[in-house]
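Participant: Pasting in a structure now, in structure tokens, and then I'll have a few things to ask.
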Amino acid sequence: MPFALTLLFGLVSSWLWMVEAKDSKLDLVVRPRNEERLLKRGNATVEYLKYAAQSYNALTTIGQYSFLLSLDTGSSDTWVVSSSCHTSECRGLPTYPDHLASSTFGSVNNNQTAFRIRFADGTRAAGMVASETIGVGGFNLTSQMFGLVNDTNVTLSSGDHEASGVFGLGFPRLSQIGKSVQGAVPPVARLAQQGLLSYPLFGLSLRKNDTGTLSLGAIDSDVVQNQSLVSWHDVAPFPTLPNDNSSIYLQWAIHLAGVAINNVSISLNSTYRNITGPEPLALFDLGANGIYGPAADVAELFSQIPASRLVGDGQYAIPCDTTLGMRFTFGSRNYTLQPHEYIFARVLDPPNMCLAWPLATAPSEDGIDWQFGTPFLRTVYSIFSYGIDTKEPPKIGLYSVSPDVVVDTEETISQSLSVESATFATTLPNYVLPTPTYTTPPYLFSPTPSPILSSSNTTPRPSETSITSTSTFEYSVPTLGELAPSGLGASTYSALLTRTTPLPSAHAPVVVVTDSNGSATTQPLPMQSVVLGGPEKSSASRVRTFDFGLGLLLSTLYTVLLL
């Protein structure tokens with residue numbers, strides 16, 4: 001009988017030792033930011049996430065050390081800062097002690113294989129590729145390739161939340177490590193590729209100023225109450241470059257069918273419509289704390305909001321008392337963001353104006369026009385399926401977690417901004433800025449068809465005319481997640497959402513204390529801590545501990561899902 005586990009990222013209680021390896025749940029911590037032998041087979045887990053303003057972090061073990069790593073669906077590599085990193089961004093962070101011997105550490109090419117990655121915001125990380133035993137959500141991968149970083153300008157810490165790197169959830173084709181080391185596959189994709197998950201997918205539930213969940217191998221049925229309301233969308237394939245034998249799947253991107261404000265639809269533009277199709281491509285990026293779109297589309301969108309105006313590099317400001325809903329359509333399903341979900345900051349002068357998403361951006365050479373980060377992802381439960389060879393292509397499932405009919409008031413918007421203390425100490429320009437115009441770069445990928453990698457007899461790889469946004473199985477899929485022996489991969493996700501045994505009620509372990517007067521009080525059991533990172537060379541006082549709060553976390557911890 002397969003198991004679906006719910007794992008909490010970032011926060012784990014002292015009861016963890018009581019949970020069998022096949023049943024686990026972790027918390028994710030959110031931070032702001034400006035072959036192989038596995039120990040489990042045929043399982044699923046759900047990790048919990050803790051919100052810290054902009055990103056969600058997972059508690060991950062690398063060798064014998066524990067780290068918080070920032071989850072990112074827009075990149076594929078997992079990397080951690082080493083004790084050799086001395087940039088200001090690394091200062092004070094829990095680090096992997098590269099000066100100490102680890103029995104599970106593996107050198108790659110005598111430590112001469114470089115690791116370099118750049119992000120869209122201009123930040124970067126560099127170091128070397130190595131291998132270690134990496135654990136997440138109860139799964140342990142031996143000889144897992146990762147980046148050991150000694151130079152980065154990525155801001156990883158904020159307050160008490162100290163992430164030490166990034167945990168990439170993207171497709172293998174996007175991996176920089178995979179380009180350097182033959183056969184290297186990102187951790188979650190590797191679990192799916194080897195058929196070690198109950199189903200080759202992961203799901204994300206994100207909540208603002210709160211915890212969320214990352215499910216591995218199953219859908220969190222505590223969140224998805226009605227499986228018929230999950231809308232499924234084929235992941236868009238990308239043409240391969242000449243002599244590139246990698247998968248046609250590169251990014252977690254699907255087609256965007258429509259955008260509207262106040263029920264007024266705007267006209268959407270696809271940068272490379274003759275190649276990618278008439279509907280623009282939209283990337284779901286957990287590592288982005290915003291929503292981004294083409295300049296012309298964004299300008300038309302804000303033109304429907306009275307008194308809105310362009311105030312900076314693609315940034316628009318709107319009256320803080322705006323009550324208009326912003327609607328995005330994928331397939332035939334609408335998803336509406338209320339003002340408190342797309343307004344992110346109040347400006348100092350004038351105080352009645354607020355900054356809002358989306359931000360206008362220049363065309364991207366990969367054909368992705370829209371990017372949906374945490375402001376949108378918090379309004380849905382998102383499911384990312386790697387697909388099953390010859391059965392179904394990679395898909396993204398969306399399940400709305402927002403109330404059906406909600407109209408923001410000035411009070412709710414003000415309350416939301418107050419909680420985040422979001423006021424930008426800036427004065428808006430007192431003149432009208434022109435709408436930016438950009439030059440469209442050449443399309444990055446060659447549209448020349450190449451041989452299909454899958455054994456399925458489906459339509460050819462996408463060319464200039466073959467890409468559509470339909471939900472049929474017309475593309476071959478990568479060999480990720482062979483059909484599980486349990487039979488779950490039968491072109492249906494219903495088994496992952498059906499419980500034959502109800503979930504036990506989650507609760508915090510407590511103790512009843514009776515004083516000398518006979519009065520009884522209930523108190524939570526003491527919290528247990530883990531040390532983040534390795535021992536520091538200079539001072540033990542720099543070692544950071546991460547408390548696993550029982551009372552705080554067990555409301556979302558240790559949910560076991562028996563299928």
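Heads up, the Cβ atoms here are built off N, Cα and C, so glycines get one too.
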Participant: Among CYS90, CYS320, find the residue that TrEMBL gives as the disulfide bond partner of CYS85.
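Facilitator: Going by TrEMBL, CYS85 is disulfide-bonded to CYS90.
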Participant: Taking DSSP three-state, what's ASP72 (active site) in: helix, strand or coil?
Facilitator: strand
Participant: Which secondary structure state does DSSP assign to CYS85 (disulfide bond), in the simple three-class scheme?
Facilitator: coil
Participant: Counting Cβ neighbours within 10 Å across all chains shown, tell me which of the active-site residues ASP72, ASP285 comes out on top.
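Facilitator: Answer by Cβ density within 10 Å: ASP285.
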Participant: Can you tell me the CA-to-CA distance separating CYS85 (disulfide bond) and ASP72 (active site), as a whole number of Å?
Facilitator: 22
Participant: So, three-state DSSP: helix, strand or coil for ASP285 (active site)?
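Facilitator: SS state of ASP285 (active site) = coil.
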Participant: Long-range neighbours only, meaning 6 or more apart in sequence with Cβ under 8 Å: which ones does CYS90 (disulfide bond) have?
Facilitator: VAL81, THR152, LEU156
Participant: For CYS85 (disulfide bond), just count the other CB atoms lying within 10 A of its CB, please.
Facilitator: 23
